[in-house]
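Feature list (source: TrEMBL):
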BINDING   Gly67, Gly69, Glu109, Ile322, Gly326, Asp366, Thr367  Ca(2+) binding site
Amino acid sequence: MCCWCSCLECIHNIPPLNLLFLHFSDPAALPAGEGASGPVSMASISVPNPVPPATEDAENIRKAVQGWGTDEKALIEILGHRTAAQRAEIAMAYEGLYNETLLDRLHSELSGDFRVSKSPTTGGPSDLFVAGDVSCQSAMMLWTMDPAARDAKLAHKALKKKGDRHVWVLIEVACASSPDHLVAVRKAYRAAYSASLEEDVAACQLYSDPLRNFLVRLVTAYRYSGELVDGELATAEAAELHGAVVAGKQLLQVGDVVRILGSRSKPQLRATFERFRQEYGMAFDDVLEERRSDQLAAMLKTAVWCLVSPEKHFAEVTRSSIVGLGTDEESLTRAIVSRAEIDMQKVKEEYKVMYRKTVTSDVNGDTSDYYNGILLTLVGPE
């Protein structure tokens with residue numbers, strides 16, 4: 001049994017490729033910094049120039065999964081150096097050539113605790129169990145998926161588990177990407193699970209109000225994506241935020257905080273938080289940090305970071321998944337896979353500032369084998 005999914009049913013419930021990859025055919029649908037269309041790419045993956053044809057990549061993947069064991073190194077070399085649009089083309093080419101989906105094949109080849117793996121040095125069979133194989137499979141499967149379908153799956157899993165780390169997933173999906181991406185996630189969720197994301201969040205018994213209402217507000221939002229900012233509104237709402245979290249009011253009873261964070265554009269929120277800092281001498285997220293014993297305050301801070309400085313949030317997720325006893329491989333995989341094409345360069349820079357270490361050194365110290373290989377491929381050089 002694999003760790004990213006309990007059965008093949010979830011794979012077969014994923015919408016058709018032409019639906020899932022539609023939003024990648026329009027560069028305007030990509031979040032800022034994602035892909036190569038923006039003026040400055042903050043993505044960390046490297047892509048060969050020229051890129052091999054999708055059919056050639058599909059054929060090489062077929063070679064990697066045929067015969068005695070699976071050549072994970074070859075799979076990482078191909079899929080780990082392709083953009084989402086290129087991976088979509090490979091998946092369609094593979095299905096056309098071999099009459100099976102690429103995700104089905106990868107799931108079959110990379111699953112199982114007792115499969116035989118090819119040695120990374122000799123190419124021959126290695127031990128029957130390689131540490132980190134299941135984590136490698138999870139990372140490879142999530143990376144190969146369409147990003148909207150991936151986030152839909154992550155959100156669906158998060159709704160079945162209790163704890164702040166799982167609430168983080170819903171906030172990331174709703175706040176850390178573009179409004180168009182959230183729409184694509186909601187469409188993929190509805191197609192895969194025959195339910196709407198917002199309905200499932202609203203019905204989730206693991207959360208109580210007002211946190212649940214806040215999450216519903218986030219996943220149903222469609223924010224203005226332009227750069228216009230209303231200075232007077234920023235001043236007024238900075239005062240509202242101050243009154244809600246500083247001037248003696250109980251945070252749990254203040255709906256204006258949820259309204260502002262759940263509806264305003266990211267540039268507008270940046271202006272509001274800057275006005276808050278100027279007027280009151282302290283950053284709004286620092287105020288929330290002082291009250292993080294209150295779960296809603298902690299999740300509000302997570303939303304603030306995901307909305308206006310997601311690199312801080314994902315640096316924190318990466319670090320917290322590594323420190324302490326054991327590794328939270330699920331969180332580590334999610335952080336790296338989800339940001340590699342968006343802003344991993346900024347995450348790495350922020351990580352150095354926050355922790356005086358590099359993502360690469362910490363990943364090297366806490367992972368091994370092919371799991372280490374796929375993560376470092378996506379993190380890129382430092």
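Just so you know, glycine gets a Cβ as well, placed from its N, Cα and C.
Structure with TrEMBL features highlighted.
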residue : record              : Cβ within 10 Å
Gly67   : Ca(2+) binding site : 9
Gly69   : Ca(2+) binding site : 18
Glu109  : Ca(2+) binding site : 20
Ile322  : Ca(2+) binding site : 21
Gly326  : Ca(2+) binding site : 8
Asp366  : Ca(2+) binding site : 17
Thr367  : Ca(2+) binding site : 24
